[in-house]
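Here is what TrEMBL records for this protein:
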type: COMPBIAS; residues: 436-451; note: compositional bias 'Acidic residues'
type: COMPBIAS; residues: 458-475; note: compositional bias 'Basic and acidic residues'
type: DOMAIN; residues: 106-254; note: domain 'YDG'
type: DOMAIN; residues: 350-406; note: domain 'RING-type'
type: REGION; residues: 303-333; note: region 'Disordered'
type: REGION; residues: 431-504; note: region 'Disordered'
């Protein structure tokens, strides 16, 4: 427990800067960055007192139950905390195209078009779409294997045999905003969006599942999740979406040997002309495949097949266990490698450049940026717009300048931009502490291997322990002396006012 003076200091630092607007002064917002850093510092001390590090567990695929389950570690029951059941198919996670009978040892039929599951977790068990939350499965340098249509973006258009799919990103999902559907910045062709563009370039087949959550589509199932076959991405581009920010768009066209679930056809798809897309007139970054697709229609066999060998898998079929174990080992190494001070510094990241902030600026809506990044975001924009009509000068109109991370109007804040000195002092102090800890380690002599090993192990144990214990103290010492400075300033002001009263 922190003493009362420390609590008041924490509360003071979490309030708004001095140059905030009167409205924000009457309705102050909590600075979430400082709150998370203070909480992390507290936890580091409590964890050090509690004993050894937390042990990470994982379950092998053969030991998993047939359905999704909730572990004893879960705080609440329900699918929100459930783990995936056993994976029944033998395809690797980066498998492209349909899942055939040879990869279905239990049923020997593969995953058929029209097959339905209760939810995304059960869909994952049959390999149709592995992520149980994300809408895109893929790798940015390899391609996308599957997508899910679940109503995540209002720009999506579903026409059954073809649909317009919106990429991922553009939303602030930090903190408790994991389900935020408001877009606050432009999407780019990176990460999963780039994976879809790679599949478009190569002409890979992409598995598509539709969820009952897609209420705007006439082709979505009434309940659960349904596998609707493979599609091919013919074009991709960027356009300004419904919410005013750029989104990545993809044209999917069905190319499966099995008929669609909503048709009574006895045969699968045939090559069809591409639909006319009106939004392409105002689109940017348009990409259309020029080379022959790897997955194409064979006129002789009247079926879709691989024209060339499919891309080789980079992951083994039992990669679920290997990946989970790999992630566990990586998390342990990463947690041991990063010192607590480095983790604290990582929390002080600019929301634009994602680096540790330099000359931090805190907006009235409690978002933190580097001053240079913040000013660059508003280059060429003015708070006042002059208006003229017929040679007459009209009253100037105020421009609305939104925060880079939220829709809050910060035009008044931009008129008197000030660096958050308190936050800057905390960052500089943590940087200085980290540099001081690194210097002795470099100067330490290494006479012989056994001596250095024993010294390293003992220093590592004691170093970690003392570091975790002292981190919160360092943070408390790093908290600026702004209270004392402002108290002294107030005393000077009060003294001056008293002097003026006496003279009167």
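For all residues, glycine too, the Cβ spot is worked out from N, Cα and C.
Taken together, the residues in the domain 'YDG' (106-254) have a mean pLDDT of 92 on the 0 to 100 scale.
With helix defined as DSSP H, G or I and strand as E or B, the domain 'YDG' (106-254) counts 17 helix, 54 strand, 78 coil. Residue counts of the domain 'RING-type' (350-406) by helix, strand and coil are 7 helix, 21 strand, 29 coil (DSSP-based).
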